[in-house]
Every structure is written in structure tokens, then in C-alpha cells.
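These come from TrEMBL:
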- B:7-35: transmembrane segment (TRANSMEM)
- B:41-59: transmembrane segment (TRANSMEM)
- B:71-93: transmembrane segment (TRANSMEM)
- B:99-122: transmembrane segment (TRANSMEM)
- B:143-161: transmembrane segment (TRANSMEM)
- B:167-185: transmembrane segment (TRANSMEM)
- B:194-213: transmembrane segment (TRANSMEM)
- B:208-443: domain 'PABS' (DOMAIN)
- B:238, B:312, B:346, B:347: S-methyl-5'-thioadenosine binding site (BINDING)
- B:268, B:292: spermidine binding site (BINDING)
- B:364: active site, proton acceptor (ACT_SITE)
């Protein structure tokens, strides 16, 4: 299979690059040994289910540079958007809003959505990736306009937006299993020593202060979108150290606090505090200032299918512009100044050429790297690291009884590998449902992303069970008997990891620049933080640039 | 052969006696747990048990050959019947109609078998030992065993082992006696191997029961009801228990009292008449919750009402009140009336999809004791209900006790006001519940006119009583609260706190 070639290429490149021969040998050897060992015990759990991920076949065609049939036809499109994740859809929305009709959105999967894709079964719809947004910062006019458009904001009461009652997360919202009991909220409290609590309070008040502080240029230190954050060097330099080093410097040692920060960092970036920059770590806590008429600050908005719901609102009006199963695999400059894009339809197996005046590439940079062989962006693609994730949607007939507060939307256990699970039925209105789907999120952050990704791709369904079930059994003893089905979903490149010296690096600044005023870029990896708001703004920015150039 | 009775045999007598009394105590305790009225239960159980022992003693004369082998078989049987008795009784308790037959059947069977034991044992031993000595010692140990049983049962066994495990333990002891006798007299018994095997298997079975006892049943439920349970059923949504004491019926849902037939009229008259009597034009009425049909019974007293739509989640509940004779008597066949349409659906989704408007809406949900029910007390829900209320119509909401839970009561009021409704809160005294609260709500332009007279035949509501109901003394006076929303569910928290002090 093509997977094998990929594995060899990437691994050997990796070894040459770092010459950590021995170490990698040991790690990969370990993974394979581990794999064999686990395979022998594959009948331990009698739980049916599936193992899926983004369409690897289409992706591999690109990666392995397979020979595709020659193009039979050429047509013209004024603006071509490549990728239908949030950034691509947002770009499309902006073009349409501004009267553009001649544009097309190409998607290599057979569905739109990227990381906001979702699934469903007989019981419920559930997220497969991103699953919530927080209420908008009140100065984020573009986002607020959009949320009004899709009835997430129903009206204003005075200056404050009133959010749709059905989309604000229903109470009870969050619980943490710690010291044998489920406590309310995720900040460790139950059975936590006083000294640790004091340190946690110190950290929270520090970030609270940062949240409301502006830099020497008058902008908030941390804001959403990131590009509107202050350029104050005193704080930008926090991007040059790791979050771990920052915390150590500030004297934070409480294991409970560090657990909480590792959890938060894994939750938003898929990496622990030692692998993200201090600027990114603080951004998580200090960038959200949203106020609403009918909810607390930073309240969360969610839907049974997670961000799949917002994605559908974006994609719906663009229906006629979207072409799925369309793999864009080569871009060439044309003598007339346009760009010739070769597109392979994975359904019809036919290839066609599209001559585009402008292109917005809304794909992650590791994909762009392969698309732009004929162009020179002069950037280091290796600086872009993506955290791999495993998502497990678990159909369950009844959660075992446990001590403390009852099932919440977000359920996290102290000191476990995952970042917990969400109840996808939280926003259901019906009183009683005998079955529900819970969505479990496991960031694969124990090894460097490239290694973790290879290991993830090589695991089979039973091996994932062996990883997930023991943790679930610790959280809810006896749960395996209540599980009816598990659908695993592996995101090899789940989200951009904001490592130190990435977000404000020269490399990233260069990556945001258009090529020849013809090819523009929009993706959350160009912000360095994989959140809906960034993708949304990235899309609008790129669309604005296109409109500026053409007008 | 030795003329003295071996200690082993005396211990057997002792064990047999202890077991016999334990079974009797178990049956008595279980009957008073499940059926209530312990004096009656214990008295009748002891009577039936002793009488059955008498039958057993009388029957013993018909056993002529192979007495030893019969004795061993009876021991095994007593062990099995006694050991499994409490489990079986707990399990068949669900089908309440036949429960007494099964209970007294078990008591009689155990009694007869236990009654057989001592006479047979004495006949086995009569030729081997001196009769005078035999009678003296056997009965001494018999009565000592009884004393021991009566002491350890309440002091040790019930608190530490519980009913089910105790029964299995003594079942095993009984069979152990059979095994010992079998081994001691194996030369005189023909099928000794077979009986040994049977004893062994029985002990294993009883041991399994002992180990899994906790999984088989839990007792807490039955202990909470002091009255006789006449119906019990678990539906997918709740556990319905109907109890009866003298003429009074009580309905419990998940252990919470829903009504008591001797004073429910106070609740249902207060819920329906202040509102509906003020709406002489009302044709279409909606009731949400209230699957017992008692509110519907009151509504059907108005000839101007053409249709009543009842939305209740639980088919088990509405079905019961459409079919059970006693309950049909209570709700006057309300749910069988051609004017009434029963819909089994989740109220939130149902209202959301509803377009038709209603002149009068009764919201009679269970108290907001958990997050699931709490959703039905939120501003989001009331917004939807407001949307299906006719412009001149009224709705009324049962709103828990303004005396015990003032914050909860006034939260419902505040939440209704927050969606742009004018509220008319009131309360009355329902002996089974205590002081109880209701809130009527209507469009702000409407003026609520207190009815000057009511339908004939009402037992509680009158012009004068409504005046009192509308007045809130200081100890139930209005308190400031927040609005209950899907994303805060403060009502559930208030309700929990306030009732925790009482219950």
C-alpha cells in the first residue's frame, strides 16, 4: 500500500534530519512490538464499531505523486477556493456577500467541513472534530455579524448580544473527576490542598489581569483574531519560550495547576505545555472577553454535531459553488498571468484543468507544500507541526453510577491521557433518552507529532480499543458493558501546534503573503491556533485581498 | 452403638430449630416491608407458619419406610425453599395481585417441611437412644435454637447481612445438616451417594445466591412505603407505585408523592378552577404532565370546553389511568372521554412543533428535582408555551411550595415574567403536600378577573377561598431571584437546597 512508501520516505528523511537514529529506532520498534502484543489480545472486548479518518486515498495520491489520467478539458473560473473547511467556506461566504458569483470551492473529501466535520448514527449526531465556540469578543464585529446571520445571536439587549437559548451550552456544563468524585467545573478543587488552591488562584488572577491589559500600541495583549493582538515586544517575546519555562520562571509548581494547564494546552493545541509557546498558552486564557445579555462571560456555544452545525450554516448558501471529491493536485503559472489548476475527480476518475484568475488555498501548509511545487514561497514547511488526534464516538446505553455531580456537557478526569468526553446529547430537549453518544477526545502527544501520527495510522480497531477502554474503565468502572458501539476517527494532522517561536516567527509572516498577487492563503495554521474564529477571519482576509486586487 | 446422643446430632437439632425460626422471621419481616402494617403481617405469618408446622407433624406419620432418607431429602428441600424464599418473593412482588398467594404459599410450604423435621428425627433416633433422654435433649436444643434465632436475627443478621443473604446462609446450614446426617448414616441409606451429591449441589446453588444476593434485589424501595402497595411498575421513564391504606390511595413517582386521594381535590381544584372559571369562552385546553387525568377531570366539568389535549411523556402512566378500575373511579374516566386526546410525547419537543393555540394551558410537571425536568421550567420553554397560548388565554403552572421553597417558587414567577408574561401567583394548603403554590400567566394586556362564582359541587374552591389564596403572608413573600435558563438551571439548584432542609 501507499502507506508503506510514505512511512519509509518520511521516516528516513526524519532520521537524516535529526540523526536520532537510535532513539527513533527504539520508539518505532516499541510501537511495533506493542502493536503485535496488543494484536494478540484483540478479542478482549466484544464491542462493534469502525475505524475511519479523512479520506486517506485522495490524500495519498497527492503525497505519493501517483500518475493520474491526463486532463480532457479546460474551463475558466474567476476565483478558485481550494478546501472547504471553515476558512474556505468563510472565504466563499465573503465573496458571495460582496456580489461575486464566479467562484468555486473544491474539496477533496466527499463532504465539506474539514475539522468541523461530524457524524451521526441512529441515536444522535455527534462531532468528529471541533465541537464548540465561545461567545464572540464584543469588538469582533465580523464574527458578530455572522452569528446574527445564522440566528446564533437572536437580538441585542442594549449593547449586548442575546445568544440563542438553544445554542448556549445547557447546564450542567463541566465536571472533573478528581480524588474519587466528580466536582463541578474543571479547575481542580475537590480534595486539593490549600497551598495548591492558592497557586491556582494566583495563576487565574494573573491571566485575568493579562486579559484586560493593552500593550504599548493600545491593543489588547491577547486577542481574537490573533492578528489584532498587541505587537508589544514585552509580550511578543513570550513566544520565544515554552509555556513550561514561563510557568517555572513565575514559580508555579502545584501539580494540580500544572495538570490543569497541561489539560488546557492539550485541549486547544493537542500538545503539552512543554511543546507550546508561552504566548500561545496564555492566549488560551487571556483572549476571550465575550459578554452577552443572557450568559456568563466566555460562555460556550455548542450543538449536537459540534461545529458541524456552524459549518452547515456556512456551506448551505454556497451549495452551488462547492465541488466535492475534487482533488486539486497541481498548480502552474500560465503565460497570460492566470494559473492552471489540475483537478482529479475521485468519483468519476476524470481529470480536468481549471484556468483561474485568483486562487485562495484554504488547505493546511503541508498540503500546500505539495501543491505549490512550481512556485517559491521561500518558507520552511517543516516548522508547521500538526498534532494528531483520536476521536471516539461511543454509543452507550447507560453510564454507570458515580459519585458527585451528574453527567455534564464536558466531562474530564484528572491525570488521564485524554481530555475527557462531551455528551453530544447535551443540547437535546427531550427529557429521557435511554441511549446517548459521548465523544471522547485523545490528543496523541506522547511522541513528536510525526512519530505519533505514524503509530496512529498503523493501529487497528482492536488496538484503539486497548488504548481507550482502560482509561474509560478508570473513569467509569464497568462502562465497557454499557458500550454498544465505538466509531474511531483518526486525525493525522488534527490541528496546528503553536510550538515556541512559531506564531510570531518571520516564517509564518512570510507564509501569509500571497504569491504574485494571484495565490492567496487562508487556514488556521497561518494563525498558529486552530480555532473556529481564526479560520473564519483567515477566510475573510483572503477574500478581501482577492477583492482588492480585482477591483 | 453408643447410648449417649453424639454432640454432632444435637448440633444438628439446634441448627434445624434455628433455621426454622429464621425462615418464619424472614417471611414476617419481608411481608411487613413489602405490604406494610407489621402487626398484621407478623401475626398472620406466624399463625400460618405454626399451623403449617402442625400439618407437617401430622403428615409425618405417613412416612413409614426409609425415614432416614426422607429426613435428608426434607432437609435439603427446607434449605432450598427457605434459602430462595426471600429472593423469589422480592422478584414476584412486581406482579402484586398474586403476591399474597405466593407469600403464604411459601410460608405454608416452609412450615410443613419444618414441621416434618423434628418428628422424623425423633423417630430415627428413638431406637438408638433412651427415649426420655432423647425428648429432653432434642426439645431443649430446639428451644435454645429458637431463642438464638430470635436474638441474632434483629441484632446481627438483618443489619449486617440483610434479608436475602440471611435466607441463603440458613439454607446452606440446613443442607449442611442433611449432608452430615447423610455421611454419618451412610451405611443405612441406600442411595447415600445420590443424596450426598444432591446436598452438595444445593449448597453450591445457595452459595451462588448468597454471593449474588445484592445483584438480585435491593430493598430500599419497599422500606420507604408504609402503606400497602397495590400496584408497582417500572416504565422506561419512572417507577410508578400506588399504595392504599383504608380508603386512601397514594401515587408515588420515583418515590415522590404525586397525590393522595383524600385531599387531591384541593390541589386539582386550585390548579384548574381559578383559571378556567375566568375564561367562559375557553374551548381548547392543553394539559402537560398530569397523566393521572385528575386535572382533566376538573376541566371536563366545563360544558364550554370542546377539547382537552393531554401531553404526558409516559404511556405507562396514562395507560394505567385509562384502564385500572380504582383509578378510573378516581379520575371519573376522564382520560376515556371523547373530548380528550392523549398524546405520549416529550413536552418540550411537542410544544416546539405545535402550531395550534389553546385558550387554557395547565402545566403540571413533576417538581424540578433534576436537570432533565428542570428544562421544562426555563425561559426557553415558557417562550414556546407563550407562543401557543391564545391572545386572551391563561396558563397555570404548578410551582412547588412557596413555604418550603420560596426561592424556587419565585424563580418560576420571575422566569415567566422574563418572557413577557403577567403572572398571578397563588397558593393553598394541601395536607399531603403542605402549603402549595401555583402561578397563572397571561399576556400583559389581559386583566385577570376573579370569578364571582364557581361550578356547583366543588369541595374547596370558592370566591372567598381564592381571595385568601392570592394573598402571600410574609413568610412566603416574594424574593428576588434570577431567571431560570437552559444554560444556568438555577431552579434545580435552589430546589435541591431548599428541599434538602426538609426531606
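Quick reminder: no glycine exception, Cβ is built from N, Cα and C everywhere.
TrEMBL labels come from automatic prediction, so no person has curated them.
A map of TrEMBL features onto the structure.
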residue: B:238; record: S-methyl-5'-thioadenosine binding site; DSSP class: coil
residue: B:268; record: spermidine binding site; DSSP class: helix
residue: B:292; record: spermidine binding site; DSSP class: coil
residue: B:312; record: S-methyl-5'-thioadenosine binding site; DSSP class: coil
residue: B:346; record: S-methyl-5'-thioadenosine binding site; DSSP class: coil
residue: B:364; record: active site, proton acceptor; DSSP class: strand
Beyond the flanks of the transmembrane segment (B:41-59) by at least 6 residues, Cβ under 8 Å: 20, 23-24, 27-28, 31-32, 35, 104, 107-119
Positions whose Cβ lies under 8 angstroms from the transmembrane segment (B:71-93), at least six residues beyond its ends: 16, 19-20, 22-23, 26-27, 30, 34, 99, 102-103, 106, 109-110, 113-114, 116-117, 120-121, 124, 163-164, 166-168, 170-175, 177-178, 181-182, 189, 195, 198-199, 202, 205-206, 209, 213, 216-217, 219, 222, 232
Beyond the flanks of the transmembrane segment (B:143-161) by 6 or more, those residues with Cβ under 8 Å of it: 13-22, 25, 29, 169
Distal contacts, the transmembrane segment (B:99-122) - CB-CB under 8 A, six or more residues away: 12-13, 16-17, 19-20, 23-24, 27, 30-31, 34-35, 44-45, 48-57, 59-60, 63, 67, 70-71, 74-75, 77-78, 81-82, 85, 88-89, 92-93, 134-135, 138, 142
List of the binding-site residues B:238, B:268, B:292, B:312, B:346 facing chain A, defined by a Cβ pair under 8 Å: B:346
Cα-Cα distance linking residue B:238 (S-methyl-5'-thioadenosine binding site) and residue B:364 (active site, proton acceptor), given in Å to the nearest integer: 16
Long-range environment of the transmembrane segment (B:7-35) - Cβ separation under 8 angstroms, sequence gap at least 6: 41-42, 44-46, 49, 53, 75, 78-79, 82, 85-86, 89-90, 93, 99-100, 103, 106-107, 110-111, 114, 117-118, 121, 125, 137-138, 141-146, 148-150, 153, 157-158, 163, 166-167, 170-171, 173-174, 176-177, 180-181, 184, 219, 222-223, 228-229
Span of the S-methyl-5'-thioadenosine site, taken as the largest CA to CA distance across B:238, B:312, B:346, B:347 (Å, rounded to a whole number): 16
Sparsest-packed among the recorded positions, when each Cβ's other Cβ atoms within 10 Å are tallied, from B:292, B:346, B:364: B:346
Using Cα positions only, nearest of the binding-site residues to residue B:292 (spermidine binding site) (B:238, B:312, B:346): B:312
Protein Cβ atoms within 10 Å of residue B:238 (S-methyl-5'-thioadenosine binding site), excluding its own: 19
For residue B:268 (spermidine binding site): intrachain residues, at least 6 apart, with Cβ closer than 8 Å: B:259, B:294, B:295, B:297, B:298
Predicted model, mean pLDDT over the domain 'PABS' (B:208-443): 90
